[in-house]
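Taken straight from Swiss-Prot:
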type: CARBOHYD; residues: ASN2; note: N-linked glycosylation site
type: CARBOHYD; residues: ASN9; note: N-linked glycosylation site
type: CARBOHYD; residues: ASN52; note: N-linked glycosylation site
type: LIPID; residues: CYS346; note: S-palmitoyl cysteine
type: REGION; residues: 28-51; note: region 'Disordered'
type: TOPO_DOM; residues: 1-75; note: topological domain 'Extracellular'
type: TOPO_DOM; residues: 96-107; note: topological domain 'Cytoplasmic'
type: TOPO_DOM; residues: 132-143; note: topological domain 'Extracellular'
type: TOPO_DOM; residues: 166-186; note: topological domain 'Cytoplasmic'
type: TOPO_DOM; residues: 207-231; note: topological domain 'Extracellular'
type: TOPO_DOM; residues: 251-278; note: topological domain 'Cytoplasmic'
type: TOPO_DOM; residues: 306-310; note: topological domain 'Extracellular'
type: TOPO_DOM; residues: 333-363; note: topological domain 'Cytoplasmic'
type: TRANSMEM; residues: 76-95; note: transmembrane segment
type: TRANSMEM; residues: 108-131; note: transmembrane segment
type: TRANSMEM; residues: 144-165; note: transmembrane segment
type: TRANSMEM; residues: 187-206; note: transmembrane segment
type: TRANSMEM; residues: 232-250; note: transmembrane segment
type: TRANSMEM; residues: 279-305; note: transmembrane segment
type: TRANSMEM; residues: 311-332; note: transmembrane segment
Amino acid sequence: MNASAAALNESQVVAVAAEGAAAAATAAGTPDTSEWGPPAASAALGGGGGPNGSLELSSQLPAGPSGLLLSAVNPWDVLLCVSGTVIAGENALVVALIASTPALRTPMFVLVGSLATADLLAGCGLILHFVFQYVVPSETVSLLMVGFLVASFAASVSSLLAITVDRYLSLYNALTYYSRRTLLGVHLLLAATWTVSLGLGLLPVLGWNCLADRASCSVVRPLTRSHVALLSTSFFVVFGIMLHLYVRICQVVWRHAHQIALQQHCLAPPHLAATRKGVGTLAVVLGTFGASWLPFAIYCVVGSQEDPAIYTYATLLPATYNSMINPIIYAFRNQEIQRALWLLFCGCFQSKVPFRSRSPSEV
């Protein structure tokens, strides 16, 4: 009986050992589903096991009932997609209003339309980037989407610069500027800015990327550090020019107010209030632009691909807000566009005030 008990204990030990070995083998052969991204997608997008997930990572959950892998969406990507949706909706409305209203086809509104078109493309790019990132994860698609976004945002910033130059010239040469400014000249200016923006967007597609040299990647893959340095430097130059022009605009406004004061022997309260309001508006315009883009531009210069991806998201998301605010600052505050909105949505709104082309400083 002791022999049979010993044999039984020995068989139980062998069975337990066999079960343990099988469990270990199963664990070794089963991938860890808590890691970022499927292996193939991570390798294709450059989002491997490094600490920085760039903007191209998604986590993988266990298989569902149908056997398909469920992709966990990054909340930051959702925020960018939502931002892109709002941007696209706002700017599509502005583009439609300018295109469908003959009175809004003056040179000033052509510049505003260019800004709205660039922001519309940027919003669509954010939406497509989200869709393709989780549906078609590939190097080619990633490269095309990044180039598209670079070109769109570059065109947006360039259009802002063109509007600033137009505002400055309209105030500095108020007597002769409107007679010299033509629609053809504005179109040529915008053609030049869009050509430069398109060139910046094509650079990564034409080979200036870090797909072949991971060590040269920036905080936004597949852009190289030298490429984002060029983009950031270009932004700093544009921001510096805009700052200089807006300071000059404020000087012109205050000089005009001082001349009125000399003529009237005092600065009338309406003129003082209008001057302060104009300067405050310029401060809001420039402050919004700087607060939106400066953090991302600075981080692109000082950041590194080893930094956590959250730093890139946290600075890029506010930059997209600039394209969300632009329609409010440059379009919806304008009386002609407000009237066009009434005509579009109501159809019965009648105004006895005829359309007039306002100066860019009033936009």
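Every residue, even glycine, has its Cβ placed from backbone N, Cα and C.
Packing around the residue listed as 'S-palmitoyl cysteine' is summarised by its Cβ count: 9 other Cβ atoms lie within 10 angstroms of its Cβ, all protein chains included.
Confidence annotation: the topological domain 'Extracellular' (207-231) carries a mean pLDDT of 90 in the model. Only residues 6 or more beyond the boundaries of the transmembrane segment (144-165), in the same chain, are considered here, and those with a CB under 8 A from a CB of the stretch are 111-112, 114-115, 117-119, 121-122, 125-126, 128-129, 132-133, 189-190, 193-194, 196-198, 200-205, 220, 222-223, 231, 234-235, 238, 241-242, 245-246, 289, 293, 319, 322-323, 326, 330, 360, 363. In summary, the transmembrane segment (76-95) lies against the transmembrane segment (311-332): three or more C-beta pairs, each 6 or more positions apart in sequence, are under 8 Å. If you count C-beta pairs under 8 angstroms between the transmembrane segment (311-332) and each of 108-131, 187-206, 232-250, the highest count goes to 108-131.
Remote same-chain partners of the topological domain 'Cytoplasmic' (96-107), defined as residues 6 or more beyond its termini with a Cβ less than 8 Å from a stretch Cβ, comprise 113, 116, 166, 181-183, 185-186, 331, 336-337, 340-341, 343-344, 355, 357.
Taking DSSP states H, G and I as helix and E and B as strand, the topological domain 'Cytoplasmic' (96-107) has 9 helix, 0 strand, 3 coil. Note: the topological domain 'Extracellular' (132-143) comprises 9 helix, 0 strand, 3 coil (DSSP; helix = H, G, I, strand = E, B).
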